[in-house]
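Trainee: Here TrEMBL flags Arg74, Leu108, Glu176 as substrate binding site.
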Amino acid sequence: MMNFNHWQNADDTAIKELPFHVAEWLAEFGSLTEKLSRNVKQVKLDVLQEGAGILTTEEATALNTEGDVNCQVREVVLYGPQQPWIYARTTMPVSSKHLIEKLGDKPLGSILFSDEELRRQFLQVCQLEETSPLYQSAIQYLENENLLVTPEQPKLWARRSLWKKKDKKDGMLVCEVFLPDAPLYR
């Protein structure tokens, strides 16, 4: 039995242990925005933050960087019908920020799945612990928007991918947290 409270590679072994309705969202290898758009007429994207930041320890490990590395951070929320479904945080060393500088309010998938030189290095899944900085950021967003309606903290599933250009050392880490109203929980 796998421990999904830690990041696990989204391979066949892991996916078979997940309930189907969870696995079909977490193991999506294509664009999550496109998958969302098959469920709603129009996916709305709000950019919460874009600019300089500092990597969490978990992000630095996934990006294979050492020490306090200055980075570029982009945080967005993708909405289903009037409800936020996905909180996403993308981090990368400053040397990679040119990859997303002109993105604006377009989804990151518009770059990831159209740039033939960008390759996904891994896809991992996790049921986030309440102590995880990623969990805390998602919950903070919900609290700020007055969307956390239950007294107990919700269990949140997440996935993350590392993307790199061919023959390049640095890349970008894309983390997507499925918020309580996401179809993954239905």
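Yeah, the Cβs are placed from backbone N, Cα and C, and that goes for glycine too.
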Trainee: Would you work out the biggest C-alpha to C-alpha distance among Arg74, Leu108, Glu176, the residues that bind substrate according to the record, and give it in angstrom as a whole number?
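Mentor: The span, Cα to Cα at its widest, is 12 Å.
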Trainee: Applying a 10 Å Cβ distance cut-off over all chains shown, what neighbour count does Arg74 (substrate binding site) have?
Mentor: 21
Trainee: Other than Arg74, Leu108, Glu176 themselves, what residues in this chain have Cβ atoms within 8 Å of the centroid of the substrate site's Cβ atoms?
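Mentor: Residues close to the substrate site, other than Arg74, Leu108, Glu176: Glu75, Val76, Ala88, Arg89, Thr90, Pro107, Val174, Cys175.
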Trainee: Across all chains shown, how many C-beta atoms besides its own are within 10 angstroms of the C-beta of Glu176 (substrate binding site)?
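Mentor: Counting Cβ neighbours of Glu176 (substrate binding site) within 10 Å gives 26.
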Trainee: Can you tell me the three-state DSSP label for Leu108 (substrate binding site)?
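Mentor: Coil, per DSSP.
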Trainee: Could you list the residues of the same chain, at least six apart in sequence, whose Cβ is under 8 A from the Cβ of Leu108 (substrate binding site)?
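Mentor: Once residues fewer than 6 apart are set aside, Leu108 (substrate binding site) is near Thr33, Arg74, Val76, Ala88, Thr90, Ile100, Val174.
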